[in-house]
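J.: Following this message is one structure expressed as structure tokens.
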Amino acid sequence: MLSPVSRDASDALQGRKCLRPRSRRLPLPAAVRAHGPMAELTDSARGCVVFEDVFVYFSREEWELLDDAQRLLYHDVMLENFALLASLGIAFSRSRAVMKLERGEEPWVYDQVDMTSATEREAQRGLRPGCWHGVEDEEVSSEQSIFVAGVSEVRTLMAELESHPCDICGPILKDTLHLAKYHGGKARQKPYLCGACGKQFWFSTDFDQHQNQPNGGKLFPRKEGRDSVKSCRVHVPEKTLTCGKGRRDFSATSGLLQHQASLSSMKPHKSTKLVSGFLMGQRYHRCGECGKAFTRKDTLARHQRIHTGERPYECNECGKFFSQSYDLFKHQTVHTGERPYECSECGKFFRQISGLIEHRRVHTGERLYQCGKCGKFFSSKSNLIRHQEVHTGARPYVCSECGKEFSRKHTLVLHQRTHTGERPYECSECGKAFSQSSHLNVHWRIHSSDYECSRCGKAFSCISKLIQHQKVHSGEKPYECSKCGKAFTQRPNLIRHWKVHTGERPYVCSECGREFIRKQTLVLHQRVHAGEKL
């Protein structure tokens, strides 16, 4: 049954017939069936909600007729309806469409052939087309099933976690209710438990992230009690899978399958066995450039833009191009300033949920990614990749003006603005322009200071800065150097101080070779060579 908002949205999007493949009937709780609008259903339909009632499907041709505003409206309404079903505590298998919808992709576009074949497959299996039969979709892994618990159930699960924290892995995930609102993962009745380290995960995306560490990792759904001690690739190296033809080693079956597909043009055997996300009886499409395999032709087409460099989606604000529509959608939040995801610990806001999840590791102290060279740990994969450039010394991006080399293309683009004088980021309040968006964000705090210190009246743009500032008045210095005992109000200050003991000076002047502990000191020093006034 569509909500009033959904009806208005569907009316706005109609004007042509909406195609609806493979609906699912979802069993409602008894309390919901006995009261409210659902009680008015006929005997044959009572107690069931057809998934198509809250989900509208389009053919590819129909989807192309919608403008950007209509597509955004559709995306928001469908997620709202999905959240409504989830709040009822209904258990159902999640289709590929819903999973892609949560990631901001376009899974709701179906070809007529796909819809027909789906119905025929259900009929051949002796199942009533359009019904949920308590079994998984044959195109979806059994581990992709979902159980969305009600609010009271999640509170019970949180209480259990708080009373039985993991002794080995440290802090548990906090604010589950808050993260569940935005998280793309699936909440389970029982958490996934790592048999080697005892770490627990409520969401399958956290499950996958832990599983796909640089050293690998394998998790197991928690069994009764706290046993289930099995091997975990994060803590214990796992045996590799070797390709007999290509003589290459792989840590996962999916990697071996894709590698073997690149060596052979033979079609896969007709089998219904599901191996690491690939249905062996299903034809898949292989990229001619890198050999990566995909189950859908349109997914392959999107992937090939990486090799061709095609970027069909343009930002009408700054003219920047993107290869994926979702990347454009995320980029546009830079111009709108929208930051909907807030950290409950320090009040900091983020444009993307991934940024919030990564930031929360600062508070929990969780560091998942380890460098294989020096053993140093990092809270995010991107930070690990940037760190590894220190060991490889690779600097493939060279400035055509001065010959300076950079390890990242983005850093080269920022550097080139020092030659061109380009300052694309302008403050709408005072007109001052900046070469980097981060500099504009720092400057904007002058105009939008919301948090004021009650002791001295100084204002700050976010509550985390105010909390740090208040330590100046209280004299609190929780971060102490284990070498000399000197204490600091902030952790970054302790990290910089520690370099005095280690002798580490990572920032080197390319002109004279002088080394510095802090990057800011190097920047000030380089102005001497440039002839700028300090």
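Numbering starts at 1 and runs along the chain as displayed.
For all residues, glycine too, the Cβ spot is worked out from N, Cα and C.
Below are the features I grabbed from Swiss-Prot:
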DOMAIN    49-120  domain 'KRAB'
ZN_FING   192-214  zinc finger
ZN_FING   285-307  zinc finger
ZN_FING   313-335  zinc finger
ZN_FING   341-363  zinc finger
ZN_FING   369-391  zinc finger
ZN_FING   397-419  zinc finger
ZN_FING   425-447  zinc finger
ZN_FING   451-473  zinc finger
ZN_FING   479-501  zinc finger
ZN_FING   507-529  zinc finger
J.: Are there residues at least six beyond either end of the zinc finger (451-473) with Cβ under 8 Å to its Cβ atoms? List them, or say none.
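T.: Cβ under 8 Å, 6 or more out: 343, 346-349, 444-445, 489-490.
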J.: For the zinc finger (425-447), could you work out the same-chain residues 6 or more beyond its ends whose Cβ comes under 8 Å from its Cβ atoms?
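T.: For the zinc finger (425-447), the list is 334, 414, 417-418, 460-461.
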J.: What same-chain residues lie close to the zinc finger (479-501): Cβ under 8 Å, and 6 or more beyond its ends?
T.: 468, 471-472, 517-518
J.: What does the DSSP secondary structure composition of the zinc finger (479-501) look like, as residue counts for helix, strand and coil?
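T.: Counting residues by DSSP class gives 11 helix, 4 strand, 8 coil.
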J.: Under the DSSP assignment, what numbers of helix, strand and coil residues are found in the zinc finger (341-363)?
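T.: For that range the per-state counts are 11 helix, 4 strand, 8 coil.
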